[in-house]
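Trainee: The active site, proton donor annotation in TrEMBL covers HIS108. The N(1)-(5-phospho-beta-D-ribosyl)glycinamide binding site annotation in TrEMBL covers GLY11, SER12, ASN13. According to TrEMBL, the (6R)-10-formyltetrahydrofolate binding site annotation covers LYS64, MET89, ARG90, ILE91, ILE92, ASN106. Annotation source TrEMBL lists domain 'Formyl transferase N-terminal' at 1-181. Among the features that TrEMBL reports, site 'Raises pKa of active site His' is placed at ASP144.
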Amino acid sequence: MKFMIFASGNGSNVEAIVAAYLNHEIPGELVGILCDQPNAFVIERAKKYDVPYFVVPRLVNESKQAHEARINQILQHKQVNFIFLAGYMRIIGPTLLEDYLGRIVNLHPSLLPKYPGKQAIQDAFSDQATETGITIHYVDEGIDTGPIISQTKLAVLPDESLADLTERIHKIEHRDYPRVIANILGGRE
Ligand code: GAR
């Protein structure tokens with residue numbers, strides 16, 4: 001199974017996945033990292049690990065469909081079977097879903113269906129939630145909907161700062177996402 005990781009920003013989860021892959025904990029073949037933000041730090045991480053990367057920003061006046069069609073060309077060329085979103089901050093549209101429904105997985109930093117969207121950790125924190133967590137799920141046409149593969153809960157500690165909560169959520173993500181990816185590519189999910 002060939003897989004690609006999509007990211008838009010810092011890429012700490014990409015690094016966790018790549019490290020597990022290089023440590024032979026994830027089967028299949030990592031064919032690259034796709035990033036839609038030319039200045040994202042994840043590109044430095046790709047270079048550091050010598051993983052091929054593809055920078056595909058959405059151009060001015062480019063439709064979502066045309067952008068995704070360009071991404072899809074790369075996926076077809078590289079014969080990608082699975083896509084793992086790791087901090088990829090775009091909604092996946094029909095152009096990619098048509099070819100990859102059931103083969104795109106997303107990582108989200110809340111217990112979905114609670115706190116969908118781009119600021120889930122902040123939203124849970126501002127809401128004074130006593131518990132939050134992470135969700136790993138298949139992507140469908142909705143925003144952070146789609147069949148759930150795994151969830152991990154985390155108590156929000158009294159007097160904890162947003163930065164501390166964010167760090168604890170990231171730690172769980174770095175531990176759980178590579179394992180779930182290994183299970184999916186190993187045919188166990
Ligand atoms: C992660 O916490 C991930 O769950 C979240 O973005 C962060 C990326 O961090 N994704 C979403 O919010 C998707 N809606 P990273 O770039 O350091 O991996």
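Placed from the backbone N, Cα and C atoms, the Cβ positions cover glycine too.
Automatic prediction, not curation, is the source of TrEMBL annotations.
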Trainee: What does the structure give for the C-alpha distance between MET89 ((6R)-10-formyltetrahydrofolate binding site) and the residue listed as 'active site, proton donor'? Integer Å is fine.
Mentor: 11
Trainee: What recorded positions among GLY11, SER12, LYS64, ARG90, ILE92, HIS108 have a C-beta sitting less than 6 Å from any atom of ligand 1?
Mentor: GLY11, SER12, HIS108
Trainee: Write down the Cα-Cα distance for HIS108 (active site, proton donor) and SER12 (N(1)-(5-phospho-beta-D-ribosyl)glycinamide binding site), rounded and given in Å.
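Mentor: Approximately 14 Å lies between the Cα of SER12 (N(1)-(5-phospho-beta-D-ribosyl)glycinamide binding site) and that of HIS108 (active site, proton donor).
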Trainee: Among all the protein chains here, how many other CB atoms are within 10 A of the CB of ARG90 ((6R)-10-formyltetrahydrofolate binding site)?
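Mentor: Looking across every protein chain shown, the total is 16.
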Trainee: Using a 10 Å radius around its CB, how many other CB atoms surround ASN13 (N(1)-(5-phospho-beta-D-ribosyl)glycinamide binding site)?
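Mentor: Looking across every protein chain shown, the total is 23.
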Trainee: Starting from the Cβ of GLY11 (N(1)-(5-phospho-beta-D-ribosyl)glycinamide binding site), draw a 10 Å sphere and report how many other Cβ atoms land inside it.
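Mentor: So the Cβ neighbour count for GLY11 (N(1)-(5-phospho-beta-D-ribosyl)glycinamide binding site) comes to 23.
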